[in-house]
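Report on the following structure.
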């Protein structure tokens, strides 16, 4: 029994299982927790299939998603693993970003090969920016014909290549069910899969290593000291006396210097990703800055009005619209801390979008918003969420 040490310094990586319904995503998730528990019992608890399958409901940007989170560790890394059992749940999770992935395990049954949902999941993973996919060829115990397995592997590699994923990614033959039952050969296959995950999914860039960005939630004047903006630092680090820019909503970008950082009324030297802070800004009047703008490291983010997005529209049962919408639909787009009205153009050949659909749209906002590709938003009508999406391409 190997002994792995628990270290907070281990890299933390978010992964998930994706693929066609009934190809064994949830069974594989359970098998991974069991195999790693047996290998490193002091680090991992085993999770039964039905614990994962009865995925708890979560609300993300006003959308309810059934999703399971499990945690486990290998010798090298600490993983948070998400499994969305239903196809619709998977789509909603990918688009709303309830659980962002640094890499994914694509589960393909060796008995079936890639199915329509397999393709859709890989396409969606590409659209929402999952950086890396490797493959678990599941149910491999049920296929005796070596050539058949090779054909399935070739098909899967072509599918990955078609969406610009690594064609040479590891493809590991596993049997999740047999591994759960403790069959030695297939337990090894799951260990092999996790070694491949350790080796092939790159370490994510930590949020603190990215350029500083803080969405403005509130603005105050402190007599004798100046203007303070508050918010939660989204990424990066801000030090006292650093220059920043205020971007978005207004036509012009404003430069200023942060003369103080405070958290819970205490003065700090710096604020970092995840902290709720107040920033004291030099020479800025209260009316120069407003909610919905962002404070950023100069030159790292620009404001835009025109973009393309991948969106999921809530069904009526989820509290969404009862009717479809058409070209020139004008809802509000909620980015970070504020709503901005935008005009929607549907893709060529799409006449309307029904509640419950996912689609690509082009949007023209009436005010510029600081955005990068990958930024998520909610679609709202009078404060009620009717959809969610992600910026896939900036036009202007």
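Each residue, glycine too, has its Cβ placed from N, Cα and C.
Annotation comment: Swiss-Prot describes 10-205 as domain 'tr-type G'. Among the features that Swiss-Prot reports, region 'G1' is placed at 19-26, with the record citing similarity to another entry. Taken from Swiss-Prot, the feature GTP binding site covers 19-26, 83-87, 138-141, and the record attributes it to sequence analysis. Annotated Mg(2+) binding site per Swiss-Prot: 26, in sequence order, evidence recorded as sequence analysis. Feature annotation from Swiss-Prot assigns region 'G2' to 62-66. Annotated region 'G3' per Swiss-Prot: 83-86, in sequence order. Taken from Swiss-Prot, the feature region 'G4' applies to 138-141, supported by similarity to another entry.
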List of residues, in chain order, with Cβ under 8 A from that of residue 84 (GTP binding site) and at least 6 apart: 16, 55, 65, 66, 67, 68, 90, 92, 93
Cβ neighbours within the same chain of residue 140 (GTP binding site) - under 8 Å, at least six residues apart: 110, 149, 173, 174, 175, 189
Rounded distance in angstrom between the Cα atoms of the residue listed as 'Mg(2+) binding site' and residue 19 (GTP binding site): 10
Set of same-chain residues at least 6 away whose C-beta sits under 8 angstroms from residue 87 (GTP binding site): 21, 117
Sparsest-packed of the listed binding-site residues (22, 26) - C-beta count within 10 angstroms: 22
